[in-house]
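Student: Pasting a structure below so you can have a look.
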Amino acid sequence: MDKLQNIRGVAFDLDGTLVDSAPGLAAAVDMALYALELPVAGEERVITWIGNGADVLMERALTWAREERATLRKTMGKPPVDEDIPAEEQVRILRKLFDRYYGEVAEEGTVLFPHVADTLGALHASGLSLGLVTNKPTPFVAPLLESLDIAKYFSVVIGGDDVQNKKPHPEPLLLVASRLGMMPEQMLFVGDSRNDIQAAKAAGCPSVGLTYGYNYGEAIALSEPDVIYDSFNDLLPALGLPHSDNQEIKND
């Protein structure tokens, strides 16, 4: 399409786009909830909370857990629990617990989606500048990229703590475009959620929406990205590079 004709660089979301991080995130969320004697949520539910950064993830987890506990107690004929700790303080405690547990399980609970490693390698070898924009807390990002052996492909990495405003605000995309030395319209942004597409539109970047990510249970088509792909390596022909159906699926 016309918007992809003058692309000089590509920036990517992380969770749900390059990596399946749900197992690790869900494990850390559940361990944090369990430590506070709250109901655990499970991976299927946690997936619907991913995408707005760790603080929002904690808020969603705590809201659900308190409501779930109240429902369970009512079902058993027990009175509601008096909350000794305000919700804001409980979120802060939950976040500290989450950070500790996620640091323990992040690497083993995260794998690359199919074709990601080889596609990134092909894009990098073609001379395109590559960047990463994630709402994930910054301290977790670099070690994770290194463990998956994809850090070498990115010239710029922007984590959730590196900007004042996370996606869907355009700030992180505008920052990575600036650091890559290009105009926003020259940088393609690839993501799996409405936050990604909204950020791209607000920044003036063309966008690709991937169908296999998390996106709160919604179809990515509802966010109206410029292009929709089912497989990560569909990016290659779109950018004038050979498409390989035999790329290595690297998830070790």
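Glycine is no exception: its Cβ is also placed from the backbone N, Cα and C atoms.
So Swiss-Prot lists these for the protein:
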ACT_SITE  ASP13  active site, nucleophile
BINDING   ASP13, ASP15, ASP192  Mg(2+) binding site
Student: Give me the sequence-ordered set of same-chain residues, not including ASP13, ASP15, ASP192, with a C-beta within 8 angstroms of the centroid of the Mg(2+) site's C-beta atoms.
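Tutor: Checked against the 8 Å cutoff, the neighbours are PHE12, LEU14, GLY16, THR17, LEU18, GLY51, THR134, GLY191, SER193, ASP196, LEU210, GLY213, TYR214.
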Student: Since the record lists ASP15, ASP192 as binding-site residues, which of them has the fewest other Cβ atoms within 10 Å of its Cβ?
Tutor: ASP15
Student: Counting only residues 6+ apart in the same chain, whose Cβ is under 8 Å from the Cβ of the residue listed as 'active site, nucleophile'?
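Tutor: The list for the residue listed as 'active site, nucleophile' reads LEU132, VAL133, THR134, LYS167, PHE189, VAL190, GLY191, ASP192, SER193, ASP196, GLY213, given in order along the sequence.
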